[in-house]
């Protein structure tokens, strides 16, 4: 059947050729098999003719067939041809090894290599590079070292440049960079392949600086054999990108242009990638235009580069251009734009782009949904973020849970953050280090001591990456808990950064150990850490706590001498420090010297005047604040009400309290406490009572105590009894309220009622807490 399908005359010809000289046969078959227009089907027909013609044992013919089948991606057919040959030489073995190696079947190529060794055939300088490279691709280190030993044992070709380059590549690929360098240094001659292998090895193993060093050595060698090729330059640009070495990258760009390599697609692509990652959107844009046939990766890179530089308008222009050219965006480029919109807090644009995502059905892409969730968390649009989270969290999206956890932390929703973490634990979802930091910080803010300690155990138990952020949040947690021993131990064991120092200094200040905080600052400076504004603000708080004007002045001099940036927070802290340490003139001098003043600066200056009893100056400054179009805040009115209380300015205080509504400032418990104190001290007890009854929340002990004390002072015992009874009803477990009620009854001469109040206290199981002295 086969013979009927094939040309009979070709079979006859082959039979005649088989009796002719071997060299003539080889040449004739070679001409047939080297025909590039030969299809796979024709190749198989010729193979059949060769078998029927009795030439399957011909090594040269077999090697040609093996190579031809390999070029069609059919190494399995190459193996069939190989197995028909009984007497095999090194040329045939190399052919079958190459057939599988070139098609990515590295394990099979190594199997043939070991079969070759078992047959007694020794490898040559063509075999070794393929076998070693196969070991590199499979990361079979021990097999590769065995081959290295075999090469050294046989000798003769271990000093071959191709063999040496393959071993450099192998050791680099397996992560043994030092061994790769030893092999490279021992090579008597090095070609561009060897140089590229050692440069690439350094870059791939995170030693980009060393890679650039070898590139410079290669350039210094100066011979044509050592001249960098496009692949070498690609590695060089990658190294520059990893190091952020803009100057060196530009030099490499110039070298590529000078040596005619800039037109290479390898060079253009790597050059574009370098400029994109190095934060040079203009040069990245020019490189992008030189690419010509842009793919989705290059479009994504240029759009991301422009977006990261803050040029969102140009970034979106490129996004629309990409679509006009027939390129359909994928989830990666969509997510990239969403992430940058979130970072830049472009809320209207972010919402509009969300509409584009929905219209083009990208809302089903988990990567896009996670980016949208992150964006809305950054916008602090809690309701939208929660709605989106409810939709995507049902799909078991681990990243979404972590994003929402971090979002709650960012939006100061500490209770929700902790509740979500508990739910995550119940579902068995893993959290990342950033999420752990958010939960630990939430525990610090709401005083969840036990949960905070449990989180520390969780971090250790789950072998979570103990990043510096996690350590800093734990130091802050233990500092706020008052456990300075653990906080200090973690500080000493950590790879500290400025934030770590800040956390430890803040812990000392929080625990009222300001002297230790100041001493730690001195150590921080001596160890060449540059304090941040947060460090200095915290230290000024320590100076306030200790009343140390001298130390505060030293910190002020440090700020001036080091030319530290004087931002609004630091300026406000200095004004506050001088005011609270008794140097009101200096405080006002700094206030007047400030070019920009936010509400905090105005507040601390007003508070300073109130603290020193200069109510007129405080109110005058408030009037200036209104004229400067700075909106007063809650602390502004609290400082003013406190000043009016101490000065007894009832009408002025009432006007200020009513003025809060004008600025949409909702009074809190402290504002009401000041107003009640102001009214009570002036004898306006009925108005004070009316104020307490109209409060939108329950009074605390301070308000009840203020009101009852004034009732006692002004002899309003009936009102005092009425207020005390309400206080007891509001909090039956507060021993102070029972005592105040009993005292009020006693003052009114109602001894039986006083005794009954004490009896109620005993029946409720409330005992009077023992007094203590702070001396």
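Any Cβ shown, glycine's included, is placed from N, Cα and C.
Residues or ranges marked as transit peptide by Swiss-Prot on the basis of sequence analysis: 1-17.
Taken together, the residues in the repeat 'PPR 1' (58-88) have a mean pLDDT of 91 on the 0 to 100 scale. The repeat 'PPR 1' annotation in Swiss-Prot covers 58-88.
Counting same-chain residues at least six beyond the ends of the repeat 'PPR 6' (229-263), those with a Cβ under 8 angstroms from any Cβ of the stretch are 192, 195-196, 199-200, 202-203, 206, 208-209, 211-212, 215, 218-219, 269-271, 273-275, 277-278, 280. What Swiss-Prot records for 229-263 is repeat 'PPR 6'.
Annotation source Swiss-Prot lists repeat 'PPR 10' at 365-395.
Positions annotated as repeat 'PPR 12' by Swiss-Prot: 432-466.
Note: the repeat 'PPR 16' (567-597) comprises 23 helix, 0 strand, 8 coil (DSSP; helix = H, G, I, strand = E, B). Per Swiss-Prot, repeat 'PPR 16' is recorded for 567-597.
The repeat 'PPR 18' annotation in Swiss-Prot covers 633-667.
Residues of the same chain lying 6 or more positions beyond the ends of the repeat 'PPR 10' (365-395) and with a Cβ under 8 Å from any Cβ of it are 331-332, 334-335, 338-339, 341-343, 345, 347, 350, 354, 357, 401, 403-404, 406-407, 410-411, 413. Counting residues of the repeat 'PPR 1' (58-88) by DSSP class, helix then strand then coil, yields 22 helix, 0 strand, 9 coil.
Residue counts for the repeat 'PPR 10' (365-395) by DSSP state, with H, G and I taken as helix and E and B as strand, are 27 helix, 0 strand, 4 coil.
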